[in-house]
Amino acid sequence: MNAVRGRFAARTVRVKAPGKINVSLDVGPLREDGYHSVASVYLAVSLYEEVAATSTATEGITVSISPASTLDLSDVDIPLDERNLAYKAAAIMADVSEHSTGVHLEITKRVPVAGGMGGGSADAAATLLACDALWNSGLSRDELAHLAAELGADVPFALLGGTAVGLGVGDELSPALAKAQMDWVLVTADYGLSTPEVFRTLDRLRLAEGLTVDEPAAVDPKILQALRSGDADALSRVLVNDLQRASIELAPGLRDTLGLGESCGAIAGLVSGSGPTVALLTHSPEAAAGLAEDLGHHGLNALAVHGPVPGARIISDTLL
């Protein structure tokens, strides 16, 4: 958009926000409200969504997907209306800022859709920050985090980034002082898994086994110690994801991916969140790059990433 209509000049604020992996996920029993309490450790990784928010002279919110997106979205139905999480974030910001002009959101997708990495949540976090800047709302990070929590359990973490412990339904975040870089390979799938379906499958498996579990109260301190020290070997021994077996039940090929990753040199691996993305831990950037290349030769889509990385950040602010 390169127009000045009367006194209106378009402006674009571009923000990037990271995807995440769960290096630990303990899931409690099904609650009466239909949710599950969790105790999780989130790690923001160097795979980013970008949102370019451009002011428009007319009211309303529009959304498009950038052709620069690195994902094959030909078979993916991404809603571009009020069902889209970025759209919802812009609507909340419009209400809070009482802004009278509209906004167009162009989303560059890089985080796998329905891959258990919070791509949609990253879009929402990026949109909150972009619209806050675009409309000069002047909200603090704490105020933005409060709005983020209204949008979904993973949105506050995409705003925060780094490493954090998540309790409750995952939205009660406490930053963890773990800044040592860890190197991972992400193996993405050409299909998605429904998070609610994965949780329902876990409930079914537990019921069939007569297994009862307690409400998770805290994460294993050994995980935080390993992350603080940057000790990949120590971390490999305490990786856990209660949802993993449910994800494998729904997508048995994930077991093969995990096995292949470890046979090709990963220290350890796990399904990230509800899947189907698989996260494989390595010792170094060089090891991660080599593993990603090897898995690519086996026909898998593998990406070398590192974490932790910061949360949503403005990368450009341009008057058009």
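Including glycine, each Cβ sits where the backbone N, Cα and C put it.
Computed from a predicted structure; not experimentally measured.
Listed features, source Swiss-Prot:
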- Lys20: active site (ACT_SITE)
- Pro112, Val113, Ala114, Gly115, Gly116, Met117, Gly118, Gly119, Gly120, Ser121, Ala122: ATP binding site (BINDING)
- Asp154: active site (ACT_SITE)
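Location within the structure of each feature annotated in Swiss-Prot.
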residue	record	Cβ contacts under 8 Å, 6 or more apart
Lys20	active site	Tyr42, Leu43, Ala44, Val45, Met117, Gly118, Asp154, Phe157, Ala158
Pro112	ATP binding site	Gly19, Leu71, Gly119, Thr188, Ala189, Gly192, Thr277
Ala114	ATP binding site	Gly192, Leu193, Ser194, Thr195
Gly116	ATP binding site	Asn22, Leu193, Thr195, Ser247, Val271, Ser272, Gly273, Ser274, Gly275, Pro276, Thr277
Gly120	ATP binding site	Asn84, Leu85, Ala86, Val113, Gly152
Ala122	ATP binding site	Ala17, Pro18, Gly19, Tyr48, Glu49, Val111, Ala158, Ala312
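Sitting within 8 Å of the Cβ centre of Pro112, Val113, Ala114, Gly115, Gly116, Met117, Gly118, Gly119, Gly120, Ser121, Ala122, and not among those site residues for ATP, are the Cβ atoms of Gly19, Val111. According to DSSP, Gly118 (ATP binding site) is assigned to coil rather than to any helix or strand.
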